[in-house]
Amino acid sequence: MANHFEEFKVKMQGADLSEAAIAAFKKNYDQLVAGVTGMVPEDEIDSATGLPSLLDLPSISPSEAKTLLSQTAVLKLNGGLGTSMGLEKAKSLLVVKDGKTFLDLIAEQVKHMRKSYGSDVIFTLMNSFSTSADTKAFLKEKHPDLLEEPFIELMQNMSPKVDAATNKPASYPPHPDMEWCPPGHGDIYPSLLGSGMLDSLIGKGIKYLFVSNSDNLGATLDLDLLNYFATSNKAFLMEVCERTAADKKGGHLCLRRTDGRLMLRESAMCPDADKKAFEDIAKHKYFNTNNLWVSLEHLKATLDASGGALALPLIKNKKTVNPRDSKSEPVFQLETAMGSAIECFDSAGAIVVPRSRFAPVKTCSDLFMLRSDAYIIAEDATVAVAPPLLAAGGGVPLVKLDDAHYKLVDQLEALAPDVPSLLAAKSVTVKGPVKFAKGVVLTGDVTLEVEGSSPVLLAAGAYSGSVKVTSEQTTAVSATAAAGATTAGGASASPTAPPVADQQGCWHFLACK
């Protein structure tokens with residue numbers, strides 16, 4: 001099919017997008033026109049093995065930390081709206097605990113760290129055209145000092161949608177803004193270059209950039225990791241976790257045979273014949289947490305050597321130009337992922353980290369647990385597992401809420417204005433629209449069920465086992481005996497220690513191991 005890149009170039013120049021943004025789009029568009037499939041067969045890769053572990057790294061002294069922090073910038077990806085949870089503003093503005101939002105916690109952690117170490121580490125939010133105004137308005141009200149900092153905002157670029165029938169720029173006169181879409185978080189590299197921020201940071205003596213998602217409270221500036229990265233002379237370092245059976249459908253880290261470079265293989269890149277090997281978690285052990293460490297000097301050199309744009313694998317999403325109108329014209333949205341840049345550097349590496357560094361809040365079940373007494377906000381604004389659970393080994397309960405009634409944040413807040421106590425819970429499953437009264441305590445393995453679609457109140461009291469919640473009464477069915485546990489309105493249960501789960505006791509900006 002014909003290449004219409006010049007039309008896209010004119011359109012992007014008219015929108016005042018940088019040459020770096022245009023060059024990055026061209027890389028993506030050329031892959032689309034060439035019909036690049038991006039398939040990576042099993043016989044072209046090897047397993048990633050012999051990776052170092054965060055748990056084995058030596059600790060550094062406060063004086064060493066101060067020096068490194070003066071050469072470091074922290075960037076949080078803040079371009080998402082959290083639409084899967086029913087949000088219409090920046091997801092980082094969601095209240096997660098004790099009246100504090102993600103952004104409150106992140107900002108307070110930054111300030112505490114600066115004070116503790118006497119080093120003004122640079123802090124940046126990468127906003128999108130959908131989140132910039134809301135985020136800056138929030139900072140103006142709650143954290144005006146941060147808003148005044150010169151590097152506080154890096155703006156994500158826009159990408160023109162591609163007409164799926166012609167490969168020309170999509171046109172939608174009723175709403176011209178719908179002709180554009182986010183380019184994915186792989187846009188961090190052209191945004192840094194095109195905005196001039198990359199050169200400015202390097203000019204200020206900043207060598208290291210730590211990047212993570214704003215909704216991942218486990219993604220913290222770990223000083224031992226920073227020291228490892230700084231002394232390794234690597235261009236790029238990816239934090240990875242060990243895959244479990246629950247992760248087998250997701251992407252994995254591997255080694256490309258042709259050049260020996262690390263790369264990510266996503267499920268869409270795997271031929272059907274190799275699906276079994278793709279899901280073999282003993283063979284392909286690690287997945288990307290999206291916590292990344294980047295050497296700015298190496299990034300600058302690599303961008304210069306590649307014409308101003310990294311050759312990232314294309315993610316092609318087929319949509320309609322108006323996402324709310326399924327009858328509008330089909331389009332392609334061209335995106336890239338920032339983690340895939342690992343294959344663009346000769347000196348890239350990966351390090352295995354505990355699962356506690358991968359703690360994103362993606363669902364209302366995650367939010368329900370975070371708002372419970374299973375977690376606390378510490379003095380330094382970090383979110384940590386509650387001391388009673390830490391004393392019992394650091395385990396937190398597994399929570400599964402009914403998506404039909406708790407998928408969206410407003411649904412959760414209507415049904416659980418007061419989240420129950422989970423200190424003594426091992427697992428919690430909710431089926432149907434259970435509405436929680438204040439003073440509910442859940443103990444052991446608990447299943448709460450409401451028949452029908454109308455909310456039913458679960459009265460204050462302690463519950464364990466299978467509980468059928470009715471409008472007339474709350475009846476325990478096949479309940480596991482728990483000390484002090486009763487039906488609705490009864491006495492509280494005696495807390496018992498939950499089993500150890502794959503979760504550690506700190507969600508910190510400056511993390512413990």
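Just so you know, glycine gets a Cβ as well, placed from its N, Cα and C.
Annotated features, as they stand in TrEMBL:
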- Lys91, Gln156, Gly184, Asp215, Lys362: UTP binding site (BINDING)
- His185: substrate binding site (BINDING)
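With His185 (substrate binding site) as the anchor, the candidate binding-site residues are Lys91, Gln156, Asp215, Lys362, and the one with the nearest CA is Gln156.
The local packing around Asp215 (UTP binding site), expressed as other Cβ atoms within 10 Å of its Cβ over all shown chains, amounts to 22.
On its own chain, Lys362 (UTP binding site) has Ser84, Met85, Asp215 as residues at least 6 apart in sequence with a Cβ closer than 8 Å to its own Cβ. Lys91 (UTP binding site) has a Cβ environment of 24 other Cβ atoms inside 10 Å. The Cβ of Gly184 (UTP binding site) lies under 8 Å from the Cβ of Ile315, Glu335, Thr336, Ala337, Met338, each on the same chain and at least six residues away in sequence. For Gln156 (UTP binding site), the same-chain residues that are 6 or more apart in sequence and have a Cβ closer than 8 Å to its Cβ are Gly79, Met126, Asn127, Ser128, Phe129, Pro182, Pro183, Asp187, Ile188, Ser191. Binding of UTP is attributed in the record to Lys91, Gln156, Gly184, Asp215, Lys362, and the widest Cα separation among these residues amounts to 22 Å.
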